[in-house]
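A.B. asks: Let me begin by handing over the structure; questions about it come next.
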Amino acid sequence: MATEYERVTLVDHPMVQHKLSILRDRDTSSKKFRELVKELALFEGYEATRNLPLADVEVETPLCKTTCKKVSGKKLAIVPILRAGLGMVEGVQELMPAARVGHLGMYRNEETHEPVEYYAKLPEDIADREVIVVDPMLATGGSATAAIGYLRKRGVSGTIKLMVIVAAPVGIETVLAADDDVQIFTCAIDECLNDAAYIVPGLGDAGDRIFGTK
Ligand code: PRP
Ligand code: URA
């Protein structure tokens, strides 16, 4: 579904909304939380890959030869922002098993809320790939903006897709203002951030809930 933001797609399929409600629940276990993040990433992946180019291919069915379609164009790379982004990788990989995976490590300084970069390992040919960045939470937008900026420095051109599960308006606006060729996919646009820069109502700390660290 289109949103008030030109480059933001809200993935609000009823099953997505149902699963997101369970994800938000503070009593949902870490195991269930991981399963839901993976499933939501798969649903979102369908939307994020909707415009992939297709090419004709000849296929021989048991009955005859026919012309069908296969995905063509640039190869894909999935780039999770560590840690929480890791929870979305498997879901997207189910859709695109051949995609390469690059990792960007970033955590937010608890006082300034600014992202701190601590790791980067990308496919060597990242500049030639179409890139989908994944991270469940888009709060201030600092981490996603830094990740996209890093990818641009590594030569990634064209539209970078950013898949998140919950976004705050300020995070969306920050990412869109920093790069004019980003397309954001989200399952929800929440109300605001609290004083600790957590999304409200949100779902808490996604990384901690995925990895059971709190
Ligand atoms: C979370 C989340 C995003 C970031 C979003 O990561 O997964 O990367 O915060 O916040 P922002 O939009 O204000 O930058 P966190 O820093 O908690 O690290 P973690 O994934 O290792 O838990
Ligand atoms: N990171 C999270 O994991 N949750 C938030 O609400 C904000 C940043």
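Glycine is treated like the rest: Cβ placed from N, Cα and C.
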A.B. asks: Return the residue out of Arg100, Arg108, Arg152, Arg154 that TrEMBL annotates for the same 5-phospho-alpha-D-ribose 1-diphosphate site as Arg83, Asp135, Pro136, Met137, Leu138, Ala139, Thr140, Gly141, Gly142, Ser143, Asp205.
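C.D. replies: TrEMBL names Arg108 for this 5-phospho-alpha-D-ribose 1-diphosphate site.
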A.B. asks: Count, for each of the binding-site residues Asp135, Asp205, the other C-beta atoms lying within 10 angstroms of its own C-beta, and report the residue with the smallest count.
C.D. replies: Asp205
A.B. asks: Taking Cα atoms as reference points, rank the binding-site residues Ile199, Gly204, Asp205, Ala206 by distance from Arg83 (5-phospho-alpha-D-ribose 1-diphosphate binding site) and give the first.
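C.D. replies: For Arg83 (5-phospho-alpha-D-ribose 1-diphosphate binding site), the closest Cα among Ile199, Gly204, Asp205, Ala206 is found at Ala206.
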A.B. asks: With the Cβ atom as the reference point and anything under 6 Å counting, tell me which of the binding-site residues (Arg83, Ala139, Ile199, Gly204) are near ligand 1.
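C.D. replies: What lies within reach of ligand 1, judged by Cβ under 6 Å, is Arg83, Ala139.
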A.B. asks: So among the binding-site residues Ala139, Ile199, who's got the most Cβ atoms within 10 Å?
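C.D. replies: When each Cβ's neighbours within 10 Å are tallied, Ala139 leads.
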A.B. asks: Near ligand 2, which of the binding-site residues Arg83, Asp135, Ala139, Gly141, Ser143, Ile199 are found, taking a Cβ distance under 6 A to any of its atoms?
C.D. replies: Ala139, Ile199
